[in-house]
Amino acid sequence: MAMATPLTCKTMLLMAFVVAAALSTASLAQSPLQNNFYGSSCPQAEATVRNVTEGIIRNDPTMGAAFMRLFFHDCFVRGCDASILLDPTSNNTQVEKKAIALRGYDAVSKIKAAVESVCPGVVSCADILAFAARDSAVVSGGFASFAMPSGRRDGVVSNFIEVLQNIPSPIFKLQELISNFAAKGLSVDDLVTLSAAHSFGQAHCSFVNGRLYPTVDPTMNGTYAAALKTVCPAPGSGGGDPVLNNNRVTDPNVLSNQYYGNLVTGQVLFVSDQQLMNSSYTAAKVANNSGDAATWMGQFAAALVKMGGIQVLTGTAGQVRKYCNVVNS
């Protein structure tokens with residue numbers, strides 16, 4: 001089973017320096033979240049999440065990307081409040097999870113059950129998603145561990161239509177991507193940095209077929225396109241909608257800066273990915289990230305923490321769910 005290559009001490013120190021510098025900014029200093037929020041109320045919380053998350057990913061390496069994607073989808077819709085985890089009810093059949101097929105719900109419930117067994121009613125599902133995403137970067141990306149501020153509370157509302165209104169489309173052009181991220185308080189640098197989450201995970205052919213048929217997108221590498229066509233049948237041919245790996249160049253279960261090398265050579269799936277090459281500024285960021293893994297890792301960690309602060313519920317807002325898929329009665 002292929003896992004991320006461990007970092008050298010020098011690389012880990014450089015990454016730690018970059019993360020510390022990024023997290024010392026005024027915007028993060030003013031966050032309502034805190035490092036080690038559960039230090040007194042549930043000292044075992046983060047270690048419990050880490051241990052279960054690591055076990056899940058080592059048993060199924062595709063789960064690192066699944067946890068990361070759940071966190072992104074949660075934070076971009078109503079903020080990081082675990083609304084993505086809520087099941088349909090008789091009063092609301094059109095919840096967020098009905099809008100797009102995501103994986104990992106049962107895995108999150110497994111982590112939550114482990115945390116509840118040591119600290120009942122203390123740790124929110126929103127924080128569990130954040131910790132699991134951080135731990136996925138460590139296990140699947142070889143990152144040095146980094147602090148993930150916590151103290152989020154769980155929301156009680158989940159709405160299908162808000163996914164369509166807030167999640168960036170894989171066919172977005174560059175300015176649409178920039179505007180979408182800016183609406184969440186994220187910068188162009190954050191956009192380029194976090195896009196490397198597409199270095200691992202899977203996607204359905206329907207998200208890329210527009211670049212393959214009826215003619216191949218000229219920005220896509222021809223050999224790469226031909227390989228994709230062996231997996232993705234032409235629309236209407238009766239071949240269904242197969243799943244393919246986001247990264248077909250190197251290990252598809254490793255979070256890495258290989259994404260940027262793939263971008264430069266036209267070997268990425270989505271229109272929205274290739275758009276990062278359409279301005280001199282973002283293309284320069286791509287080139288820098290491609291050649292400097294340690295700096296990118298530090299920036300990715302900082303951007304993930306920043307994303308984790310989007311529209312959070314804290315204090316007495318929301319609730320701490322007993323089960324992540326249903327609001328407390």
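Cβ atoms are placed via backbone N, Cα and C, with glycine included.
Here the structure is a predicted model, which means the values were calculated and not measured.
According to TrEMBL:
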DOMAIN    32-328  domain 'Plant heme peroxidase family profile'
DISULFID  Cys42-Cys119  disulfide bond
SITE      Arg69  site 'Transition state stabilizer'
ACT_SITE  His73  active site, proton acceptor
BINDING   Asp74, Val77, Gly79, Asp81, Ser83  Ca(2+) binding site
DISULFID  Cys75-Cys80  disulfide bond
DISULFID  Cys125-Cys324  disulfide bond
BINDING   Pro168  substrate binding site
BINDING   His198  heme b binding site
DISULFID  Cys205-Cys232  disulfide bond
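A map of TrEMBL features onto the structure.
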residue : record                             : CB count, 10 Å
Cys42   : disulfide bond                     : 17
Arg69   : site 'Transition state stabilizer' : 22
Val77   : Ca(2+) binding site                : 26
Gly79   : Ca(2+) binding site                : 19
Cys80   : disulfide bond                     : 30
Asp81   : Ca(2+) binding site                : 29
Cys119  : disulfide bond                     : 15
Cys125  : disulfide bond                     : 30
His198  : heme b binding site                : 22
Cys205  : disulfide bond                     : 21
Across the domain 'Plant heme peroxidase family profile' (32-328), the model's average pLDDT, rounded to a whole number, is 97
Other CB atoms within 10 A, centred on the residue listed as 'active site, proton acceptor': 20
Would you count the other C-beta atoms found within 10 angstroms of the C-beta of Cys232 (disulfide bond) for me? 26
Given the disulfide-bonded residues Cys75, Cys324, which one is most crowded in terms of C-beta atoms within 10 angstroms? Cys75
Disulfide-bonded residues clustered about Asp81 (Ca(2+) binding site) [Cα within 10 Å; pool: Cys75, Cys119, Cys125, Cys232]: Cys75, Cys125
Which has the fewest other CB atoms in a 10 Å radius around its CB: Asp74, Pro168, the listed binding-site residues? Pro168
Where Asp74 (Ca(2+) binding site) and Cys42 (disulfide bond) are concerned, what is their Cα separation in Å, rounded? 24
Whole-number Å only: compute the distance from the Cα of Pro168 (substrate binding site) to the Cα of His198 (heme b binding site). 13
Alpha-carbon distance [the residue listed as 'active site, proton acceptor'; Gly79 (Ca(2+) binding site)] in Å: 9
At a 10 Å cut-off from the C-beta of Ser83 (Ca(2+) binding site), count the other C-beta atoms across all protein chains. 26
Take the C-alpha atoms of Cys42 (disulfide bond) and Ser83 (Ca(2+) binding site) and report the distance between them in angstrom, rounded. 23
Just to be sure I understand: of His73, Val77, Ser83, His198, which recorded positions have a C-alpha no more than 10 angstroms from the C-alpha of Cys324 (disulfide bond)? Ser83
